[in-house]
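Feature annotations, reproduced from Swiss-Prot:
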| type | residues | note |
| --- | --- | --- |
| ACT_SITE | PRO2 | active site, schiff-base intermediate with DNA |
| ACT_SITE | GLU3 | active site, proton donor |
| ACT_SITE | LYS59 | active site, proton donor |
| ACT_SITE | ARG263 | active site, proton donor |
| BINDING | HIS92, ARG111, ARG154 | DNA binding site |
| REGION | 282-305 | region 'Disordered' |
| ZN_FING | 239-273 | zinc finger |
Amino acid sequence: MPELPEVETVRRTLCPRVVGRRIRRVEILTPRQIYHPDPATFAADLEGAVFDDIERRGKYLLFRLGPRILVAHLRMSGHLYVCGPEAPRPRHLHVVFHLDDGGELRYADQRKFGGFHLLGPGGEGMPPGLANLGPEPLSPEFTPQVLAERLAGRHTSIKAALLNQALVAGLGNIYADEALFCARIHPAREAGSLTPAEVERLHGCIRRVLLRAVERRGTTFSLYRDGEGNEGDMYDELQVFDRAGEPCPVCGTPIRKVAVAQRGTHFCPRCQPVPEGVALSPRRARPGRRGNSVRVAAEPPGTYE
């Protein structure tokens, strides 16, 4: 699933191609990808609208069109990109926004989990997930104190807490694992058990990991592409995610993959000791995107500078 760095990269690559453009027509090939309003109203209301700006909130893209906001959620495999009308149409193409310069803003989605909400002038139709998002981890408002307050008293694992979009917006499986490795905290640790020093270290690691991933334009395994159709470059810098069986870049201990918060979770059993009394369910390691090749830029925990 595209996480904050991938969605931010899509936003940055779409802005120069879309902002200022007028929608001539909306072609809806798969009506189920339109969540609000009904597809016919959706297409009619957007005809003639101009893209004023594109913003991001967590994993959501927000297209501002005058008093209206078009919300896009890519979920597992959604892909928003701009191309010319002559470009071949992919098999899983669902929505096409025809622009006044002849270009097309296309939405493709192999698994069909993503889609669109068109909000009314008063915010009508806002998806609950967007309305309940926690703080942006790269914003000034996200401080160690804010993170500590949101983790306090929570008995879930710290991995589950980081995946909870109502606590912190934008983190997913990849960067939760990377941030916890950077902070030397086991993913199964009880969230409320972290010490002030550990919370501060985790806060810094979340920000460093995300900033580096944004700089590297996100992580591509198979489906993710940016708004121009390009892959992200972060894969070879991942320290633990998708590295099961490979040596830890710090101590050489083989990286393990287990189930935490019902998600495949990667960690170093030496750098991130298993909490006492916690039983872990192993997960089968799959070959990495490049055949489980050795990573190019292994960095020890706490770096990502």
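Every residue gets a Cβ built from N, Cα and C, even glycine.
Annotated features taken from Swiss-Prot, shown on the structure.
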residue	record	DSSP class
PRO2	active site, schiff-base intermediate with DNA	coil
LYS59	active site, proton donor	coil
HIS92	DNA binding site	coil
ARG111	DNA binding site	coil
ARG154	DNA binding site	coil
ARG263	active site, proton donor	strand
Smallest Cα-Cα separation from ARG111 (DNA binding site) among the active-site residues PRO2, GLU3, LYS59, ARG263 is shown by PRO2
Measure from the Cβ of ARG263 (active site, proton donor) and count the other Cβ atoms within 10 Å, all protein chains considered.
16
GLU3 (active site, proton donor): which of the recorded positions LYS59, HIS92, ARG154, ARG263 have a C-alpha within 10 angstroms of it?
LYS59
Quick note, ARG154 (DNA binding site) and ARG263 (active site, proton donor): C-alpha atoms separated, nearest Å, by 19
Between the recorded positions PRO2, HIS92, ARG263, which lies closest to LYS59 (active site, proton donor), Cα to Cα?
PRO2
Near HIS92 (DNA binding site), which residues of its chain come within a Cβ-Cβ distance under 8 Å, counting only those 6 or more away in sequence?
ALA108, ASP109, GLN110, LYS112
Recorded positions compared (LYS59, ARG111, ARG154) - the one with the fewest other Cβ atoms within 10 Å:
ARG111
Just jot down the residues in the same chain as PRO2 (active site, schiff-base intermediate with DNA), at least 6 apart in sequence, with C-beta under 8 A of its C-beta; none if empty.
VAL10, LYS59, LEU74, GLY78, GLY172, GLY218, TYR224
If you measure every Cα to Cα pair among HIS92, ARG111, ARG154, the residues listed for DNA, what is the largest value in Å?
40
What's the number of neighbouring CB atoms sitting within 10 A of the CB on GLU3 (active site, proton donor)?
22
